[in-house]
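Lifted from TrEMBL, the feature list:
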- Asp150: active site, proton donor/acceptor (ACT_SITE)
- Asn9, Glu387: Mg(2+) binding site (BINDING)
- Lys16, His210, Leu211, Gly212, Asn213, Gly214, Asp285, Phe286, Arg287, Gly333, Ile334, Gly335, Glu336, Asn337: ATP binding site (BINDING)
- Arg91: substrate binding site (BINDING)
- His182: site 'Transition state stabilizer' (SITE)
- Arg243: site 'Transition state stabilizer' (SITE)
Amino acid sequence: MNNLILVLNCGSSSIKFAIINPNNKKKYLFGLVECLFLSKTYITWKCLETKYSKKCIGYYLSHKEALNFICDNILSKKKDIFKYVIGIGHRVVHGGNKIKESALINHSVIKYIEYAIPFAPLHNPVNLACIKEIIKKFPLLSKKNVAVFDTSFYRNMPKTSFLYAIPYFFYKKHKIRRYGAHGTSHFYIASEVSIILNKKFNSLNLITCHLGNGASISAIRNGVCVDTSMGFTPLEGLVMGTRSGDIDPSIIFFMHQNLNISIKDIHEILTKKSGLLGLSEISSDFRYLEKTYNTQKSSKLSIDIFCHRLSKYIASYMSLMDGRLDAVIFTGGIGENVPLIRELTCKKLSLLGFQIDIQKNLLIKNKKSGLISTNVSHPIFVIPTDEELAISREAMKIIIS
Ligand code: ADP
């Protein structure tokens, strides 16, 4: 059981935690805290073969409070497993323009994560709070904490993809550019498809779609990410649970100047009240929207807009493939579990050589992976993501190097 890694993947309203052996992929512990800052905060977790079902652990809990619950009620009671933990891997959304690779956390790495807060205002503060709290809780492991950045995967994007067409000065002086996010997940599923197709990673041409509460798509050419939909912050790109994705920036000026909405409130609208929630006026939860797709107009419209935007991105990324596409991959809570969106999106792409196998598509969900295209189509795969495993591998690599 030796050489285990504790992984913390803190999202804006959730914490995923795991103890993993990165060498054999075995998960000794896995858990999820959901609904932080909401009226009831829940935890679900599994330790080896024992599953602990969903339970409320408090009201309006913050990340720090939830992390304390995990440490005091789970980790400290599983000493037989925890004693083999040799390091901690943290997902950090944004490394700014300074950090390009995973890094052992020290004072200057903490400063860089702080410096990058404006690039990921919903995520980096949470990542930092969890890093600081866990170092306090486990001082013996304080020099073995590794930050794994979502932005690392995008470090080799060409200028043609990462520059915005605004005065060059803003890039040169203020580093305003596309950074991308979700890189750990895109990299993980690309690595998995390299095994499935038995092709070297650096020869792969892929379009990877991570569709969860946050959603993004990446174009990978010869194993290098050459474009991605998330931008300066994780707000740009696809329609998301509560984030707008692409909009005309003039809407912001109009809201501010003509509707007297403050900049702070506009930020709140675009990050927390838009996307599927804003369009449907009911829910950001795809389970609800999918169930009511045929009975509720607003659910149908939200899903149709989601697929319209996604298919436009896939079509445009075909132009970056240099004439050869090895596969399109769907992952994330929606990509893995909602055959409807895979079907609706790929149907729009038939002119480009995509064809879903309806039966295969319907069967693949609930953590199953597989091919969902016909044999005349570009290959389309569903591959469940495993960011925690990818983070544990990175953390182990850094710790033993
Ligand atoms: P994140 O990690 O970005 O918070 P996830 O990847 O867990 O998000 O995806 C969350 C989204 O996936 C939600 O919209 C949720 O409704 C949807 N989802 C998860 N499981 C299912 C399912 N079995 N059927 C339909 N939608 C699902």
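Positions of Cβ are set from backbone N, Cα and C atoms, glycine also.
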Select, from Lys16, Arg91, Leu211, Asn213, Arg287, Ile334, each of the binding-site residues with a Cβ positioned under 6 A from at least one atom of ligand 1; if none does, say none.
Asn213, Arg287, Ile334
Local Cβ density at Asp285 (ATP binding site) - other Cβ atoms counted within 10 Å:
15
Out of Asn9, Arg287, Glu336, which of these binding-site residues is nearest His182 (site 'Transition state stabilizer') by C-alpha distance?
Asn9
Which of the listed recorded positions (Lys16, Arg91, Arg243) has the least company, meaning the fewest other Cβ atoms within 10 Å of its Cβ?
Lys16
Reduced DSSP assignment, Asp285 (ATP binding site):
coil
State the count of C-beta atoms found within 10 angstroms of the C-beta of Leu211 (ATP binding site), not counting that atom itself.
27
Report the largest Cα to Cα distance, in Å and rounded to a whole number, among the residues Lys16, His210, Leu211, Gly212, Asn213, Gly214, Asp285, Phe286, Arg287, Gly333, Ile334, Gly335, Glu336, Asn337 that the record lists as binding ATP.
20
By CA distance, which of the recorded positions (Asn9, Arg91, Arg243, Glu387) lies nearest to Asn213 (ATP binding site)?
Arg243
For the residue listed as 'substrate binding site', the three-state class that DSSP assigns:
strand
Using Cβ atoms only, which residues of the same chain lie under 8 Å from Glu336 (ATP binding site) while being at least 6 residues apart in sequence?
Phe330, Lys365, Asn366, Lys367, Val382, Pro384, Thr385
